[in-house]
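Peer 1: Would you mind keeping the following structure in view while I ask a few things?
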Amino acid sequence: MPGKRGGGGGIDIGLIFAHKILTVLLLLSTVGWIVAFIGQCAAEAGSGGRQGVLWFAIFLQLFLIVAKYLLVMTDSLGTHRLQLTTFTSIALVFSVIGINSGIYSSNSSEEAVAAGWFLITLTNIVWLLFLTTEEESALYPIVNIANDGVTPPAARTSGRYNGGGGAGGQSMRMAGGGAGTGLGGAGYAAGNGSAYSGGFQGGAAGGYQPAFGNSPSAADITTANGTGLGAPKMSSAASVRSRAANDTATGGVGGISQDAPSVASHGAPASPAQPGAKGSELPDYGYKARALYAYQANADDPTEISFSKGEVLDIVDNSGKWWQARKSNGETGIVPSNYMQLL
């Protein structure tokens, strides 16, 4: 069952049953909440005594249960991972207090309160493991062992950054790794394929002149001897595994040049014209991988491709969070590595 992408992708009730572990957790927490709520009402009305802070706890837990249902149905767990983890941790403390308030009592209503909060405590602990487990952790494949469509929280928050610069925002992926500083500015490319590259251009004026283009990747900034001086580069998903040859270019004053295509006067990008520049080589799909889960490509990012569970794809390189892949019908794009298993 393909999962819908979060962030306004609509509600899909079927996603509740797509992840078997989450299905069990949601059902157990619902049953536990009902038992605890009825027990607290009976204890408050009878001889069980006042429940005090547990009334705050029971409604906090209700808020969490409803929120988890909605986030699973919209496949938005990763987007709200931090908030959900924080409130679940708070609720875990109160659930332990709920157990302690009635576990040693001989009153049946208070025993029901303890039983209900015991179920809630178990689910809260597993939820915290699910929300905080990173992809590199040994627990990651365990908590996602029966997933058939729900995007794990760690998969959405690692290696991907969402900006709110426009309608719907822009999505950018880190291609170069860590942050740093350098002489030559930085190159950025948004998920829609448009690129911005900043650099220092030589000449008498010696000013800073930005260049714009529709290149799938940011401009490379090199010195006359080929040594890169650029700051961290951010490239579009289409250039995650670029096979472009290394060019040695001679710059103007200062020895710095840019390979990115410049913009013509009518807005169309002019083709790069550098003497001796080599053309890009075709990517070599040297690996094959099978999809562990179904995946629905983000409609706002044309570089992603969808695939079904069990589908075999050709892979260019198996490093990084996102792999350049080719489907059997010839469609190419990028896929999340945590959804794939190399053959």
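We number each residue from 1, going along the chain as drawn.
A Cβ is built for glycine as well, from the same backbone N, Cα and C atoms used for every other residue.
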Peer 1: Report which of ASN107, ASN225 appears in Swiss-Prot with the annotation N-linked glycosylation site.
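Peer 2: Candidates were ASN107, ASN225; Swiss-Prot attaches N-linked glycosylation site to ASN107.
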Peer 1: Does Swiss-Prot give GLU44 and GLY78 the same topological domain, putting them on the same side of the membrane?
Peer 2: no
Peer 1: With CB pairs under 8 Å as the measure, which of the listed stretches 53-73, 84-104, 112-132 comes out on top against the transmembrane segment (21-41)?
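Peer 2: Of the candidates 53-73, 84-104, 112-132, 112-132 scores highest.
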Peer 1: Using all protein chains in view, find how many other C-beta atoms are within 10 Å of the C-beta of ASN107 (N-linked glycosylation site).
Peer 2: 16
Peer 1: With DSSP, how much of the topological domain 'Extracellular' (42-52) is helix, how much strand and how much coil, in residues?
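Peer 2: So the counts come to 4 helix, 0 strand, 7 coil.
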Peer 1: Of the residues in the topological domain 'Cytoplasmic' (74-83), how many are helix, strand and coil by DSSP?
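Peer 2: Split into helix, strand and coil, the topological domain 'Cytoplasmic' (74-83) gives 3 helix, 0 strand, 7 coil.
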Peer 1: Would you list the DSSP helix, strand and coil counts for the residues of the topological domain 'Extracellular' (105-111)?
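Peer 2: The counts are 4 helix, 0 strand, 3 coil.
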Peer 1: Residues of the same chain, at least six outside the transmembrane segment (112-132), with any C-beta under 8 angstroms of its C-beta?
Peer 2: 21-22, 25, 28-29, 31-40, 42-43, 48, 51, 54, 61, 68, 77, 81, 84-85, 88-89, 91-92, 95-96, 98-103, 105, 139, 143, 153
